[in-house]
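Trainee: Sharing a structure with you now.
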Amino acid sequence: MLAPRGATFLLLHLALQPWLGAGAQATPQVFDLLPSASQRLNPSVLQPILTDPTLNELYVISTFKLQSKSSATIFGLYSSADHSKYFEFTVMGRLNKAILRYLKNDGRIHLVVFNNLQLADGRRHRLLLRLTNLHRGAGSVELFLDCTRVDSIHNLPRAFSGLAQSPEAVELRTFQRKAHDSLEELKLVVRGSLIQVASLQDCFLQQSEPLATTNTGDFNRQFLGQMSQLNQLLGEVKDLLRQQVKETSFLRNTIAECQACGPLSFQSPTPNTLMPVVPAASPTPPVRRCDSNPCFRGVRCTDTRDGFQCGPCPEGYTGNGIVCSDVDECRYHPCYPGVRCVNLAPGFRCDACPVGFTGPMMQGVGISFAKTNKQVCTDIDECRNGACVLNSICINTLGSYRCGPCKPGYIGDQMRGCKMERNCRDPELNPCSVNAQCIEERQGDVTCVCGVGWAGDGYICGKDVDIDSYPDEELPCSARNCKKDNCKYVPNSGQEDADRDGIGDACDDDADGDGILNEQDNCVLTHNVDQRNSDKDIFGDACDNCRNVLNNDQKDTDGDGKGDACDDDMDGDGIKNILDNCQKVPNSDQEDRDGDGVGDACDSCPEVSNPNQSDVDNDLVGDSCDTNQDSDGDGHQDSTDNCPTVINSAQLDTDKDGIGDECDDDDDNDGIPDLVPPGPDNCRLVPNPAQEDSNSDGVGDICEADFDQDQVIDRIDVCPENAEVTLTDFRAYQTVVLDPEGDAQIDPNWVVLNQGMEIVQTMNSDPGLAVGYTAFNGVDFEGTFHVNTQTDDDYAGFIFGYQDSSSFYVVMWKQTEQTYWQATPFRAVAEPGIQLKAVKSKTGPGEHLRNSLWHTGDTSDQVRLLWKDSRNVGWKDKVSYRWFLQHRPQVGYIRVRFYEGSELVADSGVTIDTTMRGGRLGVFCFSQENIIWSNLKYRCNDTIPEDFQEFQTQNFDRLDK
């Protein structure tokens, strides 16, 4: 028997030689992550390990137990500064899932989902997570559970590439223990092979497919073949050793009973009793006793007068007590159908119930036990555990489940979820308040917006006298716009309240609460009882950004709290003003292509020398390079227009190829044409050559909820198809003075509030504009107009389609009839009421344009009156009005409406004019102080309104007659 056994171990040694050599080349480095471990890894060591460029593979091993259906984050790496995630592994017991979250190099979180895992079932589990290709190639993740690989995912973004470089920036957090939960082991392993790491959990991996190789050279095809042979060989060795043990035991007992081996022989009158047989001519032999251990191990031995007597074989064995052989209980099928039965010596064990079933562990000894105790596996009803999204149909099947469509009354799918069906056209499905407008969004979602003169969340709306989107009284809802307006009769969409006394600054006589009324206070919004003012400008030291330099404009270009008048680096680009070729525009590179001493970043003619930067027409193009040749009339001269013959005032060029989207056949340059085959592109602005569309709704997966991928969802994006415009913002604006010369020149004083959504003009000034820098094609523009004084009765309004100071549309409102006090160059008479004018001035800013704007009517080569409110009613002091403008320059459509409270008081109807084919937005004032433009909103919109078609039909019918 020694020769076969020796040969077996010799063969085993030879087979293990390659494996032993490989193991010697890559010894695993193990770091314990548990708080209680004496060798716990210091968090400061984590960052150098994980960002080591030579490390292309790592392992995380853990042993834990979670209560049934519970969820827990087993381990994670986080930013010490803002607690954002770098790496996190979470078990979601109720969903039978595990999720790996990690930070990609673009700063976004990537999710890897492992499905159909029973990790939270009250049992102890061993988990091994293997990450490969950390620094080279496409990443991959393998998950091993209880020594079996359960999932592998490849072609993933690399992990740890976005990890902070500072060692102190990484924080390790481990399992937060709850009652009946335990975390026995949590280790980080680097280097070494998968087999070596698995052995740390007493796992000898059995896999149905070759292990994934890595780029480190740990394994090769030859080694994998050897490992496969080694698996087979070890199984054979195990069976051989078990058989040899049985044979050795049998031989020992046979020799003990053999008559030829000595003077004694035994015969057994009964199966369990040995009696000596004495030959006739021989002397009486000695009687054998129990002290010679004649019985099988564990069998009771009893000495009798005639010899020894062995008891029955132990449970799980069969024989005469001297020789006992293991019983194979698996032949009696004690395990659930399909579950592997493992025969033990003695006894048997059943593997865990199949995926989709649950049941207790099954283990026993003996034929009787195997016959009378069968493993019970009960189907798991995944539909009770939230396997499908809420409010969807879930169909439970034996060992599995299937998710169906949304339940009746709900819409959506398994990707987006099932939400209660809402429909603006069906009164029973319309969730909005009776005082709200119901809007159907691109994805079929419904949004509720309180109507004019009402405020709230859209589902609940309350009265809003000043039309600033805040209700007069508190509403029973949680949205910001449900809070009570802190200035009931003065629009203040930002609800600013410097002294936090519950009264908004817009209506608080002492806004800073220092006991000094605003009119006498040199710091209206800053508490300063002493009113100290070192430089004698109009701002006290407490709020003056240049305490020792007179600067009434308080201009602070770089927003560093130091006014431009006393800041030696106004734009904060690190270059002193005296050396900076763009003092108010950051340009650390100081590039100056035309060598005129003005940097390209602020040069109105970057390729033509113009050191004086003269721009007479205020179109942001210097006179030296301004041709005023604009073939399509969109406000951009042909030499700089990215679509010279196609109207596109916005100049959007998504793929930055120099061709505007309006004339580009492939806006995102992904090889899929926008409109023609093999298009149309289901994500026109985001590259997606594969055109994935999981729910077949015609919108690609990558741009499903954010069409332009500007990180602002379409529902709140003011321009969902323009990544450069996301929110209404007039904080950056251009001032345009329309009468720049005069003896009593007073320019407007503009104050911007509420993050660019509210503008206030405080001076009784000459005509002027505050114009935003964003240009639009089609646009909807709305806002609240309010004159917060009882002084004066002149013009206020807004502009659109601004191309230069001689070309724009203006909507202006005069309170009373009045003749302009300067009759030169002509007598101008203003009538009360709302007027819509097209300005196309040959002279530009000056007395001709000034008087033409004042005059109600057409003026040659200056202004055309497109529409006037026939009511001839002027605006009222301290009353709020809401305007809505629609402009579609591609067809010349213009319509403007005015509301007083919730009542429509003026409507221009459809007006057609193509003088300006798009442009910028802004506000207008002429000799009127204390004007508020509040709750401003603009939205890109090229959709032609339905009433345009009706207008065309009526006009054609008129022509036919």
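Using N, Cα and C of the backbone, Cβ positions are placed for all residues, glycine too.
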Trainee: Of the residues C523, C566, which one does Swiss-Prot pair with C546 through a disulfide?
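Mentor: Between C546 and the options C523, C566, Swiss-Prot records the bond with C566.
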Trainee: According to Swiss-Prot, which residue among C335, C353 is joined to C350 by a disulfide bond?
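Mentor: Its disulfide partner, as Swiss-Prot records it, is C335.
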Trainee: In Swiss-Prot, C388 sits in a disulfide bond; tell me which of C403, C406, C418 is on the other end.
Mentor: C403
Trainee: If you pull up Swiss-Prot, which of C507, C523, C925, C940 shows a disulphide to C719?
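Mentor: Between C719 and one of C507, C523, C925, C940, Swiss-Prot records a disulfide, namely with C940.
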Trainee: Have a look at Swiss-Prot and say which candidate in C663, C703 forms the disulphide with C683.
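Mentor: If we follow Swiss-Prot, the cysteine bonded to C683 turns out to be C703.
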Trainee: Just confirming the record: what cysteine out of C290, C295, C324 does Swiss-Prot connect to C310 via a disulfide?
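Mentor: Its disulfide partner, as Swiss-Prot records it, is C295.
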Trainee: Return one of helix, strand or coil for C605 (disulfide bond), based on DSSP.
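Mentor: Coil, per DSSP.
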Trainee: Provide, as an integer number of angstrom, the distance between the C-alpha atoms of C350 (disulfide bond) and C313 (disulfide bond).
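Mentor: Rounded to a whole number, the Cα-Cα distance is 24 Å.
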Trainee: Of all the disulfide-bonded residues given, namely C582, C683, C719, C940, which is spatially nearest to C295 (disulfide bond) at the Cα level?
Mentor: C683
Trainee: Should N612 (N-linked glycosylation site) be counted as helix, strand, or coil on the basis of DSSP?
Mentor: coil
Trainee: For C582 (disulfide bond), just give me the three-state DSSP call.
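Mentor: In three-state terms, C582 (disulfide bond) counts as coil.
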Trainee: Out of C582, C605, C643, C703, C940, the disulfide-bonded residues in the record, which is closest to C403 (disulfide bond) when you go by Cα distance?
Mentor: C703
Trainee: Using a Cβ cut-off of under 8 Å, list the residues of the same chain at least 6 residues beyond the repeat 'TSP type-3 8' (692-727) that approach it.
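Mentor: For the repeat 'TSP type-3 8' (692-727), the sequence-distant neighbours (Cβ-Cβ under 8 Å, at least 6 residues beyond its ends) are 413, 415-416, 441-443, 445, 447, 650, 652, 654, 681-686, 755-756, 774, 937-940.
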Trainee: Please report the Cα separation of C324 (disulfide bond) and C310 (disulfide bond) in Å, rounded to an integer.
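Mentor: A Cα-Cα distance of 11 Å.
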